[in-house]
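Here is the structure we will look at.
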Amino acid sequence: MHTELVVIVLFGAAILLSVIASRLYIPYTVALVLGGLLMGSLHIIAAPALTQELLFSVFLPGLIFEAAYHIRAHDLWRERLNVLGLAVPGVLLSIVVTASVLVLGSQTLNVWAETVIPFSIALVFAATVAATDPISVVALFRELGAPPRLTLLVEGESLLNDGTAIVFFSLLLGMVLGQHTSLAGLSLQFGKVVGGGILIGLIIGWLVSEVIKRIHDGMVEITLSLVAAWGSFLAADQLGYSGVISCVVAGLVCGNYGAPKGMSPSVRIAVNTFWEYIGFAFNSMVFLLVGFTIHLETMLHFWPLILLAYVAITIARGAVIFGMSALISRTRVRVPLSWNFVLVWGGVRGALSMVLILALPAQFPEREILVNLVFGVVLLTILIQGLTMTPVATWLKVIRPHRGRSEMEAERMRLQLAQQSLAEIARLRSGGLHNVEVSRLLESHYQTILKNARQSLVQLKGDEQQSTEQELIAAHRRLLTLNQQQLLESWQNGEISRDVYDRLSADNDAYLIALDSQPQELLAEFRESAVKEDGAPAQKSA
């Protein structure tokens, strides 16, 4: 079958599976993998192999840049202790714990008969599955209204640990093959690869952003974002640095500097829409190809080891999440206990792990076993954790799915936009809009929208306690965001010192964190304050 026809069939399958997934209320990525498994088993088409060149040169730069582009740098900086802790020491700890459990478990169960896996080989396996790929989890979080901070933690960790896991994999593979021998040499190489990637990403992201600021053509600006994505990845990779880290940094720079400084609102909408489609299309292809690549009949020969490996990565994930949480528990950025369980369960593995293990040389010791182990672990995490994330997160009260959530958010936004429009009309009237008829027509139009939105919100509100909590969170987050903008402007204008800005900004960030992680406690605090305020006048009058 011609390549063009294969691509059309794959996209058609992705569309059909998307419809099926929405009807069955299962994650889209899980449906894609199952669909790929079925199509591959029935030999419906000869899909292209999921090779290192295909993933690294085509899919990965687009997926990484799209995720980084939409992350706000300020939010990521606020969570730097958590994200960096999980992405660097967390990945290293995960590798060591996974390898240790795998070696000890295989010896105890004697599942490899007379063959005992060396610790160095187990380290290579552990490095391949150290990178998380929580696309299905993040999609669920967004759909079900999980706290934005939790979604940021999952996305931020995944973005950075992809890069660090690839670097650790390369270094450990080189160690097994005799290319690196000392710990000092490994550490130096790690710093060089990561540091070089950061530098190249900064340079390319800044250059592209500066060009965007000087042109006013939407098509050219979209093309420049493509140059930033693939250019940063391929340039760093060709120079021997981390392409993933470089692409992450370039995406952050373009999304937080180039877009707000150089793009008009209409162009920003076009660029966002374009990259959202890239994310959808690439994720669809990758997860379908994951299903095509997995061969169940081969994996069944190694099922005891696959189960052991799955247990090993789950134990390692728990050690990393709860270990890092304990280290930063005394800081402002502590994570609620229920979130830690969700983060453990959200450690889904994906295509990156499969491609890394396929990149092992043909003569690598125990290569066939390692390939099947990784494929089995990827399949189990996608199916088990992907399918059970909603009930787990609901049971832990991290998310509270209810019918009408998206409709309520939409009506709330319509209400807010209508209020802003009416305020702007009043400003225009006082500033020179003399045509009374124009003013009256505009006011009538937006008053109607305002009235309809309020009526819809009343109808959609079910549980009053939950509704109050949601409105408090939304309103308070908006006020805190405005406070942060005012603080920044005051510091930039010289009205306050840097020390005052840092102190007040940290307090503001602490409230934002509490808003996402402890909304019920915050609601109780507000009500207690309101009761005291209401009671004060009564006591005076008595």
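All residue numbers here begin at 1 and follow the chain in the order shown.
Glycine is no exception: its Cβ is also placed from the backbone N, Cα and C atoms.
Remember, predicted model here, so these are calculated numbers, not experimental data.
As recorded in TrEMBL:
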- 6-25: transmembrane segment (TRANSMEM)
- 14-395: domain 'Cation/H+ exchanger transmembrane' (DOMAIN)
- 30-48: transmembrane segment (TRANSMEM)
- 54-71: transmembrane segment (TRANSMEM)
- 83-104: transmembrane segment (TRANSMEM)
- 116-138: transmembrane segment (TRANSMEM)
- 159-178: transmembrane segment (TRANSMEM)
- 190-208: transmembrane segment (TRANSMEM)
- 239-257: transmembrane segment (TRANSMEM)
- 277-296: transmembrane segment (TRANSMEM)
- 302-327: transmembrane segment (TRANSMEM)
- 339-361: transmembrane segment (TRANSMEM)
- 373-396: transmembrane segment (TRANSMEM)
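Remark: the transmembrane segment (6-25) makes no contact with the transmembrane segment (373-396), by the rule of 3 or more CB pairs under 8 A. By the count of Cβ pairs under 8 Å, the stretch nearest in packing to the transmembrane segment (239-257) among 30-48, 190-208, 277-296, 373-396 is 190-208. The stretch from 159-178, 277-296, 302-327, 339-361 with the most CB pairs below 8 A to the transmembrane segment (54-71) is 277-296. Counting Cβ pairs closer than 8 Å to the transmembrane segment (83-104), the top stretch among 159-178, 277-296, 339-361, 373-396 is 159-178.
Sequence-distant contacts of the transmembrane segment (373-396) (same chain, at least 6 residues past either end, Cβ-Cβ under 8 Å): 26-27, 29-30, 33-34, 125, 128-129, 136-137, 140-141, 144, 146, 290, 293-295, 299, 302-303, 305-306, 309-310, 313, 338, 341-342, 345-351, 353-354, 356-357. Of the recorded ranges 30-48, 277-296, 339-361, the transmembrane segment (302-327) has the largest number of C-beta contacts under 8 angstroms with 339-361.
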